[in-house]
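**Student:** Provided herewith is a single structure, encoded as structure tokens, for subsequent inquiry.
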Amino acid sequence: MSPQTETKASAGFKAGVKDYKLNYYTPEYETKDTDILAAFRVTPQPGVPPEEAGAAVAAESSTGTWTTVWTDGLTSLDRYKGRCYHIEPVAGEENQFIAYIAYPLDLFEEGSVTNMFTSIVGNVFGFKALRALRLEDLRIPPAYSKTFQGPPHGIQVERDKLNKYGRPLLGCTIKPKLGLSAKNYGRAVYECLRGGLDFTKDDENVNSQPFMRWRDRFLFCAEAIYKAQAETGEIKGHYLNATAGTCEEMIKRAVFARELGVPIVMHDYLTGGFTANTSLAYYCRDNGLLLHIHRAMHAVIDRQKNHGMHFRVLAKALRMSGGDHVHSGTVVGKLEGEREMTLGFVDLLRDDFIEKDRSRGIFFTQDWVSMPGVLPVASGGIHVWHMPALTEIFGDDSVLQFGGGTLGHPWGNAPGAVANRVALEACVKARNEGRDLAREGNEIIREACNWSPELAAACEVWKEIKFEYEPVDKLDVK
């Protein structure tokens, strides 16, 4: 370019570095119904003002970079940039702030959780000006959520397929999770289903290993399902894990499951990836398969309170990507989960409309419109003494999954399943009669022991088993 020639793009261009807050901190901004809203927990480096830190997050997760570039003049930054529109200190924490950021909808590809996360939780998490950064919540506008299929079927369709109403569903993860042959694995599946469970489950790391190849497992589990159905008169299922090293192999396994006529398959959605998960969800919708989702690897992302991403965000992402069940913690078992916080994201999974409620960790009102709901799965270190609390906490629209709490029964797998089914039926009956499960739970279980020797034996084995540790991730002090 000659010294005399000046383009429109270069007319107002001045090279150099500007403070992010000059362009990306806009407290006067009024959010739009179509904006994706994010709440970030920001811990700035010493000497970095919170406004600059919040603006940096908005910039680096949208249109900004570390220096002024002349190509800024070739587009409308005001139209496309993220905006930090509010910052508030975190009560009880030093040098932590919640930064609220609004993103224009045009920044995101329709129907792609992958693209949404690549922007919002991409490189910005390694930004040096921040000591730590955590995405606490997202508001997904209906204009964006309607571009997703969501769960393949949803809660009501699943109940209709299974012909099971008015109670939580019961499951069991087959143990040991690794090392069984396919035939012995199928035997355990049959015994649990015959004893009264609705589902059994592959553990998250059961894929296709030398001791048990996936096709053999699928065949023996299908045989177990059909035999148990014939003997009990109930529809049964086993979560056949279709997770694989490639999307093509994953779909091949799902196709084989469909050919066997089983009702449900499974996917590890975080280790498998959102693109693979969405592909499988579309296949399941088109072919009548339910989809169970395991959240393996979630604690790497969500457990630390000041860095990463809260599970409520992963739960919303799963509902958009697609899944009929997802593991959600137990509150009372061996895995992380505070009660009010857990119930907050359980409602985000199941309900159509959820009001903002900071007492449960919900930062934004969320309207899912007509997107089907997801059944939360309570699993991990639970047994028959937990049944009243689980029934009271999670309600009917849930799956209560007992692995060791079924297979660890002193009389075997089928009696373990019987004990869990009897305990559940007793709790549902007591609740329907108006009894207080939280206060009378142990008494209800003891009464049921009088006519179920299987339950009595289970109660004796697990009467002293508790997991009383403080959760790492708790709600903020009010």
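Please read every residue number as a count from 1 along the shown chain.
Every residue, even glycine, has its Cβ placed from backbone N, Cα and C.
Residues or ranges marked as N-acetylproline in Swiss-Prot: Pro3. Here Swiss-Prot flags Lys14 as N6,N6,N6-trimethyllysine, drawing on sequence analysis. Taken from Swiss-Prot, the feature substrate binding site applies to Asn123, Thr173, Lys177, Arg295, His327, Ser379, supported by sequence analysis. Residues or ranges marked as active site, proton acceptor in Swiss-Prot (evidence: sequence analysis): Lys175, His294. Here Swiss-Prot flags Lys201, Asp203, Glu204 as Mg(2+) binding site. The annotation N6-carboxylysine is assigned in Swiss-Prot to Lys201. What Swiss-Prot lists as site 'Transition state stabilizer' is Lys334, and the listing cites sequence analysis.
Describe each of these features in terms of where it is and what it packs against.
**Tutor:** Just so you know, the Cβ of Arg295 (substrate binding site) picks up 23 other Cβ atoms within 10 Å once every protein chain is counted.
Within the same chain, residues at least six positions away from Lys175 (active site, proton acceptor) with a Cβ under 8 Å of its Cβ are Asp203, Gly403, Gly404, Leu407.
Its own atom aside, the Cβ of Asp203 (Mg(2+) binding site) has 19 Cβ atoms within 10 angstroms in the protein chains shown.
According to DSSP, Lys201 (Mg(2+) binding site) sits within a strand segment.
Neighbours of His294 (active site, proton acceptor), defined as other CB atoms within 10 A of its CB across all chains, total 28. Secondary structure at His294 (active site, proton acceptor), as computed by DSSP, is strand.
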**Student:** Can you list, in sequence order, the residues of the same chain other than Lys201, Asp203, Glu204 whose CB lies within 8 Å of the CB centroid of the Mg(2+) site?
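**Tutor:** Close Cβ neighbours, site residues excluded: Thr173, Ile174, Lys177, Asp202, Asn205, Val206, Tyr239, Asn241, Met266, His294.
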**Student:** From the Cα of Lys201 (Mg(2+) binding site) across to the Cα of Lys177 (substrate binding site), what is the distance in angstrom?
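**Tutor:** For Lys177 (substrate binding site) versus Lys201 (Mg(2+) binding site), the Cα atoms are 10 Å apart.
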**Student:** Let me spell it out: for each of the binding-site residues (Lys177, Lys201), count the other Cβ atoms within 10 Å of that residue's Cβ, using every protein chain shown. Which one has the most?
**Tutor:** Lys201
**Student:** Quick check: of the recorded positions listed here (Asn123, His294, Arg295), which one has the Cα closest to that of Lys201 (Mg(2+) binding site)?
**Tutor:** His294
**Student:** Please give me the recorded positions out of Asn123, His294, Arg295, His327, Ser379 that lie within 10 Å of Glu204 (Mg(2+) binding site), comparing Cα atoms only.
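**Tutor:** Within 10 Å of Glu204 (Mg(2+) binding site): His294, Arg295.
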**Student:** Between any two of Asn123, Thr173, Lys177, Arg295, His327, Ser379, the residues recorded as binding substrate, what is the biggest Cα to Cα distance in Å?
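**Tutor:** About 37 Å separates the two most distant Cα atoms.
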**Student:** Looking at the binding-site residues Asn123, Thr173, His327, Ser379, which has the shortest Cα distance to His294 (active site, proton acceptor)?
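**Tutor:** Closest by Cα: His327.
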**Student:** Might you list, by sequence position, any residue in that chain lying six or more from His327 (substrate binding site) with a Cβ less than 8 Å away from its Cβ?
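**Tutor:** Within the chain, His327 (substrate binding site) has Cβ neighbours under 8 Å at Ile293, His294, Arg295, Pro376, Val377, Ser379, Gly380.
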